[in-house]
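In what follows, a single structure is set out as C-alpha cells and then discussed.
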Amino acid sequence: MNANTRLFMGALVACTLLANAPAHAQSDTAADGAPRPHGFWLTTPTPEFTAGAGKTITLPLDILNYTEAPQRARLELSGIPEGWEWSIRSGGREATAAMVAPGETGSMTLELTPPAGSAPDTYDLELVAEYGDGTAGLPISLTISEDAESGATLEPELPAIRGSVKSTFQYKMKLTNEGGEDALFNLAADVPPGFRTTFKRGYGSEEITGIPVKAGETENVTLEVKLDNSVEAGEYPIRVTTVAGDVEASTDLALEVTGSPELNFRGPQDRLSGTAVAGKESSFAFTIENTGSAPAQSVRFNSTAPSGWTVTFDPEEMPELAPGDSRDVNVTIKPTEKAIAGDYMVTLRTQADGTSESVRFRTTVETSTMFGLAGIGVIGAAVIVLAFAVMRYGRR
C-alpha cells in the first residue's frame, strides 16, 4: 500500500468516526439537549407521614420505567411489623405486580393499616420492586402518634347558583384534610334526575373521581353540573360527599333553574314550501310554538326575500308566548310582477328575548294567467299575419 493510499484510508476512517459521534451522543440526550433519564423507580409524594393506630392509610404510588423494554415488577413491602395489614391496589383490585411499558408511568396505591394499640414510634418500611435482573426500592417512614386526629371539611365558595337549563354550573370547593395522615378522598354527588356531574381538580379540565390530600393541607375541587333539556325550572338540592376510609365530609349545594324560552316556527302542515303567483299575494298559515321552560317575551317576526318581493306577518309581534303554548301566524308573500317562473327561497325569522328561530321557505312562482293569454294572443296574431301574406302574395 503506497503513501497516498494509506493517507486516503486514514481520512476515510476519521470521517466515519466523526459522522458516528453525534448520533451516539444524541441517543443519550433529549430533544432539548438535556440528559435523557434512564432507569426504573418507585416514587410517592409523601414518603414520610404521621398517622394514628387502627387507621387505614392510603399512599399513592408511581412506577416509572425509563428503560428500553417493558418491565414486569413484583412488589413487596419489607420491614412491616407483625399484625400490620397492607395491600397494593390498582383499579380497585388488589395486585402483587405491575407491567409498565418503556417510557411510561404506572399508578397504584399502597394501603397500610397499623392495628389499634400499636406503640407510638417511627417505623421504617421499604417497598421493593423486583424487575428483570434489577430491583428498585422506596423507603417509607411512618410515625404512629397518640395525638393523630382524623377528620375533613368540605367548604363551597358559592353554595347556591342559578342559571338556565343550557348553562354549565361550577361549584368551587376547598377540601381540607384535618387528620394526621395523608389520605385519598373519593368524591360523589347526589343529584336529581337529568343532572350530569363531573369533578375536576382545582380549576383545570382533567376529570377526577378522587383526590389525594396531605395531612393538614387543603386541595381545591370543582364540581361541574350540566342539565338535560327536560329539566324544568325550579330549585334543586345537591349533596356532595367525600370519603377516605372512615373519614367523611359533606356539603349541601343549591341549584336554581330559571328556565329559558325555545321557539319552533312551523310551516303549513309542517311543510316549508308553497306556491305563489308573480305580482299577487299568497297567504300561508304558520304556527309559532314555545317549547322551552320559560315565557318568550316580545316575540317579533321578520324576513329576507328576493329583491322586489314583499313579506308581511299577521300578527307582526306578540307580547308573550307561555311555555307549551302555540299561536297561528299568517304569512303573506307577494313576488314581484317580473318574477320568472321557478323556485325561490324566503327566510322567515322569529325572535324573542333570549332566543330566536329561522326557517327557509321554498316558494314556487307561477306566472299570471293574463300573461299566458297575452302570449297566446301574440302567437295567434303572428299566425294570421303570416297566412294573409301567403294568400295575398303567394308564390310567384
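One is the number of the first residue shown, and numbering goes on along the chain from there.
Heads up, the Cβ atoms here are built off N, Cα and C, so glycines get one too.
The domain 'Alpha-galactosidase NEW3' annotation in TrEMBL covers 53-131 (among others). For the domain 'Alpha-galactosidase NEW3' (53-131), the DSSP counts in helix, strand and coil order read 0 helix, 51 strand, 28 coil.
Each residue in the domain 'Alpha-galactosidase NEW3' (277-349) gets a DSSP state, and the totals come to 0 helix, 46 strand, 27 coil. Residues annotated as domain 'Alpha-galactosidase NEW3' in TrEMBL: 277-349 (among others).
Annotated signal peptide per TrEMBL: 1-25, in sequence order.
Annotated transmembrane segment per TrEMBL: 370-391, in sequence order.
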